[in-house]
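In what follows, a structure is listed as structure tokens, so that the remarks can point back to it.
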Ligand code: ATP
Ligand code: MG
Ligand code: FE
């Protein structure tokens with residue numbers, strides 16, 4: 001079964017061709033990151049316009065790389081939530097037109113379910129149930145993945161997402177956008193005990209998280225240093241910051257894994273690329289005896305392959321959309 005998958009929820013336009021869920025025949029991705037870097041964050045209106053420009057050409061590119069024609073496609077999958085509403089709408093409308101024109105089933109896919117599915121592509125043996133830490137630019141949640149299409153959020157951030165926190169910290173420190181990757185690289189040469197940073201607990205909700213205090217602490221350090229004309233130890237700060245983020249995420253993920261007892265832990269989303277987080281989870285899972293599943297680096301960030309993979313499982317579960325499919329800025333992962 002050949003799935004054509006469309007992703008446009010943030011600042012990557014992607015179109016992939018995926019066979020039987022787990023075999024990626026092609027994944028054509030156009031990143032707009034350079035365009036938004038000037039502004040230090042994604043500008044929604046620019047994102048929408050760039051998706052419109054890129055999407056048809058990427059579809060032709062993906063089909064030719066996969067060596068298939070439009071006639072070979074069996075269904076069209078598309079990210080319909082969550083994301084920047086104008087950006088998601090571009091992909092949804094394009095996918096609708098394709099499905100209508102080719103008379104094919106249209107399968108709506110939750111973007112974060114797609115991030116989780118990136119693990120199925122990297123690990124052909126992985127099947128639910130497992131506990132998945134979903135960490136990206138807009139999401140930070142610990143998810144109980146019961147089946148391919150039945151999921152429940154066990155704990156989530158009450159404020160900022162971890163990726164957003166990386167991006168804001170990097171911006172105030174002047175080390176680039178998007179900031180997660182540069183912070184990660186800078187941290188490798190730093191002392192993670194150099195700065196004491198807060199690791200908040202949410203009272204009465206041991207699996208929930210909060211990152212806003214950590215973000216504010218970095219902003220304050222940066223502003224105070226600027227006022228006093230002092231230089232911060234940037235590698236030390238990046239390392240301390242990475243340790244704090246990981247120190248919030250890892251114990252909660254392991255506690256969720258202990259409660260569920262599946263013996264399998266996965267990670268998903270852009271922040272899953274973080275080397276400190278990966279190393280800390282590897283250590284924690286070695287100690288607990290859980291098997292850890294990490295997506296390969298190129299599948300951590302937004303891509304079309306993950307949407308094609310999850311779209312296949314949604315398709316098998318009977319999920320279909322009509323021409324009235326809408327886009328949503330927010331959507332519970334449990335509702336799909
Ligand atoms: P969502 O998936 O929640 O809708 P998104 O699609 O914008 O949000 P992704 O593209 O999945 O997010 O991930 C992007 C985020 O990942 C950015 O915040 C980026 O800084 C972060 N990131 C990327 N690489 C790393 C890294 N090595 N360490 C930490 N963060 C990283
Ligand atoms: Mg992006
Ligand atoms: Fe994403």
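Using N, Cα and C of the backbone, Cβ positions are placed for all residues, glycine too.
Listed in sequence order, 134, 136, 139, 268, 269, 272, 295, 306 are the same-chain residues six or more apart from residue 115 (Fe cation binding site) with CB atoms under 8 A from its CB. The feature Fe cation binding site is assigned by TrEMBL to 111, 115, 302.
Positions annotated as substrate binding site by TrEMBL: 134, 135, 136, 137, 138, 167, 180, 184, 274. Under the three-state DSSP scheme, residue 138 (substrate binding site) falls in the coil class. Counting only same-chain residues six or more apart in sequence, the Cβ atoms lying under 8 angstroms from the Cβ of residue 138 (substrate binding site) belong to 10, 82, 83, 161, 163, 164.
The domain 'Gcp-like' annotation in TrEMBL covers 23-308.
Cβ neighbours of residue 302 (Fe cation binding site) (same chain, under 8 Å, six or more residues apart in sequence): 7, 9, 10, 11, 12, 14, 29, 111, 270. 136, 138 are the binding-site residues among 134, 136, 138 whose C-beta comes within less than 6 Å of an atom of ligand 1, given in sequence order. Taken in sequence order, the binding-site residues 136, 138, 274, 302 that lie near ligand 3, meaning a CB under 6 Å from one of its atoms, are 136, 302. Among the residues 134, 135, 136, 137, 138, 167, 180, 184, 274 said to bind substrate, no two Cα atoms are farther apart than 18 Å. The binding-site residues near ligand 2, defined by a Cβ under 6 Å from one of its atoms, do not include any of 111, 134, 138, 180.
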